[in-house]
Amino acid sequence: MYQQQILIELQEAQQVLNDFINDQHNLKLIQEAALLITDSFKNGGKILSCGNGGSHCDAMHFAEELTGRYRENRPGYPAIAISDPSHLSCVSNDFGYEYVFSRYVEAIGQKGDILFCLSTSGNSKNVINAIIAAKAKGMKIIAMTGKDGGKIAELADIEIRVPHFRYADRIQEIHIKVIHILMMLIEFEMAK
């Protein structure tokens, strides 16, 4: 009944992954991001992560695997997803949704920390505001984007882009794969 559509979906997902892999620069950027994160951890820094919708879930997933575990039993790493419902509703109500992440960064971000942000469009205003706040604090920015990278591309210290223009879910599928690779590399590097 739907097997042909299922096959088409899987083949499209495979093509997006193949396109991403075939750009060797992406592999270099993933390694650079992992090393930047571990350098921050080794120097007392932390990760703040943010995104909207499915990207918000990916930001929480990344923080959870840093504080909890990925594949190895090891000490937790300092990471916070900007996802506290009372903070999000307070700032949305009092200042506007475009400030939900930046207010949190202003409150607890410090020099040496990293803002890990996700935006499939690269143009999410609240993520851009968080980047601006993080830069003002002396934080480094790792951004995972899609399409042409949007405005975020020029603001990030490291931008990992999935250049897919059709569906956000295809971009998010690569984002979560990259997050898992980052976790693997972080665990390798922190074990040294």
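For all residues, glycine too, the Cβ spot is worked out from N, Cα and C.
Annotated features, as they stand in Swiss-Prot:
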{"type": "DOMAIN", "residues": "37-192", "note": "domain 'SIS'"}
{"type": "BINDING", "residues": "ASN52, GLY53, GLY54, GLU65, ASN93, ASP94, SER119, THR120, SER121, SER124, GLN172", "note": "substrate binding site"}
{"type": "BINDING", "residues": "HIS61, GLU65, GLN172, HIS180", "note": "Zn(2+) binding site"}
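Known features from Swiss-Prot, placed on the structure.
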| residue | record | contacts (Cβ under 8 Å, 6+ apart) |
| --- | --- | --- |
| ASN52 | substrate binding site | SER119, SER124, ASN126, VAL127 |
| GLY54 | substrate binding site | THR120, ALA168, ASP169, GLN172 |
| HIS61 | Zn(2+) binding site | ILE176, ILE179 |
| GLU65 | Zn(2+) binding site | ILE179, MET183 |
| ASN93 | substrate binding site | none |
| SER121 | substrate binding site | THR145, GLY146, LYS147, GLY150, ALA168 |
| HIS180 | Zn(2+) binding site | TYR70 |
Confidence summary for the domain 'SIS' (37-192), mean pLDDT rounded: 97
Collapsed DSSP category at GLY54 (substrate binding site): helix
Sparsest-packed among the binding-site residues, when each Cβ's other Cβ atoms within 10 Å are tallied, from SER119, GLN172: GLN172
Assigned element (helix, strand, coil) containing SER119 (substrate binding site), judged by DSSP: strand
Secondary structure at GLU65 (Zn(2+) binding site), reduced by DSSP to three states: helix
Maximal Cα-Cα distance (Å) across residues annotated as binding substrate, namely ASN52, GLY53, GLY54, GLU65, ASN93, ASP94, SER119, THR120, SER121, SER124, GLN172: 32
